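Quick look at what TrEMBL annotates:
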type	residues	note
TRANSMEM	16-40	transmembrane segment
TRANSMEM	55-77	transmembrane segment
TRANSMEM	89-112	transmembrane segment
DISULFID	Cys150-Cys179	disulfide bond
DISULFID	Cys151-Cys167	disulfide bond
TRANSMEM	205-231	transmembrane segment
Amino acid sequence: MGMGGAMDSCGRCMKFSLICINVITLVGGALALGIGLWVWTSRSFSSTLLSNNMFIASVAVVVAMGAAMMLLSLLGCCGAAKEVKCMLLTYYILVFIIFVVMLVGGILQFVFREKVLTTIDREMYAAIPYYGVKHEYTVAWDDTQMYLQCCGVKSYKDWNDNFPESCCREVYPGKRLDCKASQNPTTMYVDGCLNKVVDFLREDAVYVGAAAIVVALIMLLALILSCGLFVKIE
């Protein structure tokens, strides 16, 4: 009886800990989802200029897994509170799958930080001829140059004196200087976009990758606790 009481006490501790971890996982999932959506919707404007879509793909993985984690945390809480072995087993299997995907997604973000340096320049040069031809490339170039206050890939000369209006400095929202008549640093952005885009995307990769890996580590603890509670339930 004494051993049974000790096991019951240990089981209750695991049960409480698993519920707490799932609450943390819910918050972590919301955090990963929020950061992923933020990067995807408002900070990936230059992704059209890159033929390699690994950045957006890895962000999409983190967003999807963040949403799935939020749902699974509810399953984990229910399984722990009601002590249902079937629910705990289902929770364990699904969390394990998401743990692996989330960890891979986080690692991909850090890999992208280095890969982007070797490919982004030629991809941006290849996108220049599509300006004014394909709508998505035109919008991507304009958004990139206006947001990062740059022009061309390495300099405004990449446009061969046929640079877009987005290279001109903004006086106020909706009004830009006439930089085509007078090409100088006071009327237009003369610095290229390459270094700014690289720094920008590498910074985003750190945010998303770190969030994914931290949440994956939290999920690892949830796996251990759910396995232990499963064994304790008679």
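Glycine is treated like the rest: Cβ placed from N, Cα and C.
Nobody curates TrEMBL annotations by hand; they come from automatic prediction.
Shown here: features listed in TrEMBL, placed on the structure.
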residue	record	Cβ within 10 Å
Cys150	disulfide bond	23
Cys151	disulfide bond	27
Cys167	disulfide bond	25
Cys179	disulfide bond	21
Cα-Cα distance linking Cys179 (disulfide bond) and Cys167 (disulfide bond), given in Å to the nearest integer: 8
Cys151 (disulfide bond) and Cys179 (disulfide bond), distance between Cα atoms, whole Å: 12
